[in-house]
Amino acid sequence: MEFDTIAAISTALGEGAIAIVRVSGEDAIEKVNRIFKGKDLTAVSSHTIHYGHIVDLDTNQVIEEVMVSIMRAPKTFTREDIVEVNCHGGLVSVNKVLQLILAQGVRLAEPGEFTKRAFLNGRIDLSQAEAVMDLIRAKTDRAMNVAINQMEGRLSKLIGRLRQEILETLAHVEVNIDYPEYDDVEEMTHRILIEKATHVQNEIEKILETSKQGKILREGIATAIIGRPNVGKSSLLNSLVQEKKAIVTDIAGTTRDVIEEYVNVRGVPLRLIDTAGIRETEDIVEQIGVERSKEMMSQADLVLIVVNYSEPLTNEDEELFRAVQGKDFIVIVNKTDLPQKIEMERVTELASEKRVITTSLIEEKGVDELEKAIADLFFEGTIESADMTYVSNARHIGLLTQARKTIGDAIAAIENGVPIDMVQIDLTRTWEILGEITGDTVHESLIDQLFSQFCLGK
């Protein structure tokens, strides 16, 4: 497949030691060579790097001192010729280099276009392409491992095997229908067809069983920290994040907005939301923060309720317990370094079967126990090995759910005595749905939509 030559800045914009301009396409080497003062890039070997300067042809002025990497097709990310110009990381210099390359008839790449070309040129499938973005956005080592496994094609191979099984079953059905007189072909009975379809259904179910943990590793657990003002919510956030992000004072109501931060808890990414203290208040700004806190609490996957060990429970405390019924929550009884005034029996009663953790955040006590409780709640204390294949992408989960339904429809039809040839419709639809995961049976509009979500230069 032939495309025009494209270029984009592949590194994050801003001041830094190095910036990279990536160029891909049939004419990439020749067009960069026009503005490169050094070796003749068209004559150098593949996968080599060369020192030189980028020159403005209009003024013959040296613009940048660079190192240029040459990678020749097909052994490149896009399976096209690729040039990467390594220059200094200032905004002006890297943009000037890009503009000089574009002036040679190169087009500015669209977001995700390099990865899109890798897909369209057959180097990776669609699920592997999506994993590239997951790797970039990974918040923990575990999330990174999930993305790498998908990039290496582990999910693709699982899906490929299932599609092959369905295809072989369809071929077997077809032969039985078209050539019933062949004695050397096994008869496709209802029993055999149910066995084959059930096996596919079970394999789809196994993959889907990893989706809850996979989605958590990919997207994180939305975790709201709630409680009355000055019970230690911001201190808890800072203890988990291990930096002073929130304002911690003795003045009630100092957290007037919602503060968010990602934190790695035993390999699980938590999207922590420190909310304004929930209480009745006349302060308009604080009221807005309180309302947003209630909204965040309703949307959270996990709620951490913080109460004060050194004060009796209030009606506001008890109202929080009632508000989180039906959600996953953990109770943190903070400030155990102060004299006890809270009734722990009442806390346990309000918490029902949920975990209650005592902490003294000022003395850094109880945080490890809290982290273990979170891991226990969502991963039963352990996370599978790095070699485990998870399905974490919402698009993949949706397609697998559809495939489970259509293969289930096929099994139900067989059990109800529907003619075997009629069952082909559901089997074929299952095969097509699974193909959408890897991009084998996907519409061009969806491809464009998926890659438009990528960052520029990737």
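Indices start at 1 and increase along the chain as displayed.
Using the three backbone atoms N, Cα and C, a Cβ is placed for every residue, glycine included.
Quick look at what Swiss-Prot annotates:
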- Arg22, Glu84, Arg123, Lys458: (6S)-5-formyl-5,6,7,8-tetrahydrofolate binding site (BINDING)
- Asn230, Thr249, Ile251, Thr254: K(+) binding site (BINDING)
- 230-235, 249-255, 274-277: GTP binding site (BINDING)
- Ser234, Thr255: Mg(2+) binding site (BINDING)
- 220-379: domain 'TrmE-type G' (DOMAIN)
Where Asn230 (K(+) binding site) sits in the secondary structure, as DSSP reduces it to three classes: coil
Fewest other C-beta atoms within 10 angstroms, as judged across Arg22, Lys458, which are the binding-site residues: Lys458
Among Arg123, Lys233, which are binding-site residues, the residue with the most C-beta atoms within 10 angstroms of its C-beta: Lys233
Candidates Arg22, Glu84, Arg123, Lys458 (binding-site residues) - the one closest to Lys233 (GTP binding site) by CA: Lys458
Residue, out of the binding-site residues Glu84, Asn230, Ser234, whose Cβ gathers the largest set of other Cβ atoms within 10 Å: Ser234
Distance, Lys458 ((6S)-5-formyl-5,6,7,8-tetrahydrofolate binding site) to Ser234 (Mg(2+) binding site) (CA atoms, angstrom): 37
Whole-number Å value for how far Asn230 (K(+) binding site) lies from Arg22 ((6S)-5-formyl-5,6,7,8-tetrahydrofolate binding site) (Cα to Cα): 51
Whole-number mean of pLDDT values that fall within the domain 'TrmE-type G' (220-379): 77
Distance [Cα-Cα, Å, rounded] between Glu84 ((6S)-5-formyl-5,6,7,8-tetrahydrofolate binding site) and Asn230 (K(+) binding site): 53
Distance, Lys458 ((6S)-5-formyl-5,6,7,8-tetrahydrofolate binding site) to Asn230 (K(+) binding site) (CA atoms, angstrom): 45
Lys458 ((6S)-5-formyl-5,6,7,8-tetrahydrofolate binding site) - helix vs strand vs coil (DSSP): coil
Secondary-structure category, per DSSP, in which Arg22 ((6S)-5-formyl-5,6,7,8-tetrahydrofolate binding site) falls: strand
